[in-house]
Amino acid sequence: MKLQSIQILRGLAAMLVVVYHIRAMEMLAIGNNGLSETPFLNGFVTNGYAGVDLFFVISGFIMVHVTQGMRSGVRSSLDFLFARVTRIYPLWWLFAAIMTGMFFLYNDFGLGEGWNRVSQGQPLLPFLIKSYFLVPQNAHPVLGVGWTLVHEIYFYLAFTLIILLPRRFWLWVLLGWGGAIAAGTFFGLTKPFGADIVSLIFYPMTMEFIMGAVVGLLVSSGVAWRSGALTLVAVFWLMASLGLQGVEDDQLMMWGRVFWFGLPCTLLVYGFATLELYRRQAWLIPAGIGALVATLGILGFDLTEAAPFSQRLDALIVSLIVGAIAAAIVFWIGWLGGQAMPDRIRAIEPGFMRVHGALARVGDWSFSLYLCHPIILAPIRIGFAELSKVPALRPLFQAGHAGPLDNIILYATALFATLFVAAMTYRFIERPMIVGFAKARSAIFRREQPKPLGRVAP
């Protein structure tokens with residue numbers, strides 16, 4: 001069964017990364033224009049790369065969730081591997097090829113550094129081969145966000161081996177896997193970047209996949225303790241981590257982000273999954289409104305990642321208190337309304353479910369969104385730079401111009417363009433490929449043909 005709440009989290013993870021990269025593009029454009037304006041969005045957005053941590057936890061959870069009822073053995077392992085490989089590689093090859101073509105045509109988008117910068121000095125052909133097949137190397141793949149897919153492929157291969165064993169052994173295997181990663185750190189095998197097989201195997205962020213898989217085992221076994229309250233805790237815990245973490249460093253890129261972001265993301269996945277399974281999604285309303293109010297609050301402080309810790313802490317405390325008050329008000333209105341006017345409260349449900357479904361649709365697009373957004377943002381940056389050369393258009397398109405209008409137009413254009421392309425890619429390319437490979441999978445492994453769905457399982 002597909003969980004729409006998990007799809008919402010996938011959409012949130014993708015949007016965190018997209019907005020983080022839009023902000024980076026804005027900072028680059030401001031610098032290129034010789035200006036020094038503070039980026040338009042700060043606060044939690046400065047650590048939007050934490051969307052990757054949420055993706056990894058979700059990935060571990062989904063691996064367990066989609067294998068419920070699957071028998072152990074070689075056939076099931078190959079069935080699983082076929083499904084995951086065909087889910088990743090075809091769309092990756094499409095966007096990696098587009099990015100390769102753009103590099104050839106535009107010489108690294110006008111940065112003038114070309115392939116040498118992208119490949120970290122490696123010969124071009126080996127670099128591209130490793131990029132397309134998601135093999136670890138010293139540089140990010142040709143489409144930079146593909147570094148996370150290198151880890152995903154490793155997760156899939158490892159989980160393929162786990163499926164060979166009866167399900168009752170999975171928890172112990174996962175715990176042993178996590179222990180091996182911790183031991184690797186003790187023996188100096190951990191690095192900030194998975195540049196080779198050894199550093200990939202002992203990369204600390206693999207713990208997030210393991211934690212997600214453990215949550216999957218707990219949820220599938222019927223554990224659903226205090227899921228509503230824990231969801232609220234997870235939301236504000238993650239926001240606290242996003243607000244407190246400052247400038248990136250090697251420690252953050254290893255175990256730091258596992259503790260800062262991986263733990264609250266794990267609790268968030270647990271909460272969202274169990275709330276939906278037990279039809280208690282109403283808890284998402286106070287959680288969502290509290291998060292929105294806190295986000296708007298911290299944006300008002302105009303903090304950057306370089307702000308002193310004490311300043312970030314003060315802003316965070318105020319914002320989270322206001323957000324928690326908003327969540328509490330919504331909760332009590334719902335509770336009191338349910339006692340005094342149950343029919344009116346129930347009348348809200350159809351509207352809530354429509355919003356729930358719309359947010360889940362962004363989750364359906366999340367893989368396309370994650371892969372396409374760097375390709376879409378590059379020409380937007382170039383286009384804005386060209387338009388800003390026209391004096392009359394500078395207030396609208398010159399990043400760093402006085403006033404917020406140029407920033408608002410930049411973010412609105414980038415968000416609309418990336419979401420539109422992602423939606424079209426999902427509808428006309430990604431989803432047909434998923435359906436086609438599902439049919440091939442059924443034929444190869446003699447599985448029962450799945451019934452047509454409005455949305456395709458992750």
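Residue positions begin at 1 at the first shown residue.
Placed from the backbone N, Cα and C atoms, the Cβ positions cover glycine too.
TrEMBL has this to say about the protein:
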type: DOMAIN; residues: 4-316; note: domain 'Acyltransferase 3'
type: TRANSMEM; residues: 12-30; note: transmembrane segment
type: TRANSMEM; residues: 50-67; note: transmembrane segment
type: TRANSMEM; residues: 88-106; note: transmembrane segment
type: TRANSMEM; residues: 142-164; note: transmembrane segment
type: TRANSMEM; residues: 169-189; note: transmembrane segment
type: TRANSMEM; residues: 201-220; note: transmembrane segment
type: TRANSMEM; residues: 227-246; note: transmembrane segment
type: TRANSMEM; residues: 258-275; note: transmembrane segment
type: TRANSMEM; residues: 282-303; note: transmembrane segment
type: TRANSMEM; residues: 315-336; note: transmembrane segment
type: TRANSMEM; residues: 367-388; note: transmembrane segment
type: TRANSMEM; residues: 408-429; note: transmembrane segment
Range from 88-106, 169-189, 258-275, 282-303, 315-336 with the greatest count of C-beta pairs under 8 A to the transmembrane segment (201-220): 169-189
Chain residues outside the transmembrane segment (258-275) and at least six past its termini with a C-beta under 8 angstroms from it: 3, 5-6, 8-9, 47, 50, 53-54, 56-58, 61, 65, 204-205, 207-208, 211-212, 215, 218-219, 223-224, 227-228, 230-231, 233-235, 237-238, 241-242, 244-245, 252, 281, 283-284
CB contact flag for the transmembrane segment (142-164) and the transmembrane segment (367-388), at least three pairs under 8 A: yes
Contact ranking winner - 12-30, 88-106, 227-246, 315-336, 408-429 against the transmembrane segment (282-303), Cβ under 8 Å: 315-336
Tertiary contacts of the transmembrane segment (12-30) (same chain, 6+ residues out, Cβ under 8 Å): 36-37, 39-41, 45-52, 54-55, 58, 145, 362-363, 365-367, 369-370, 373-374, 377, 380-381, 384-385, 399-400, 407, 410-411, 414-415, 418
Ranked first among 88-106, 169-189, 227-246, 315-336 for CB pairs under 8 angstroms with the transmembrane segment (408-429): 88-106
For the domain 'Acyltransferase 3' (4-316), the mean pLDDT of the predicted model: 91
Best-contacting stretch, by C-beta pairs under 8 Å, relative to the transmembrane segment (88-106) and drawn from 227-246, 315-336, 367-388: 367-388
Residue numbers, six or more beyond the limits of the transmembrane segment (227-246), whose CB comes under 8 Å of its CB atoms: 43-44, 46-48, 50, 252, 256, 260-261, 263-265, 267-268, 270-272, 274-275, 278, 280, 283-284, 286-287, 290-291, 294-295, 298, 303, 305-307, 309, 312-313, 315-316, 319-320, 323-324, 327
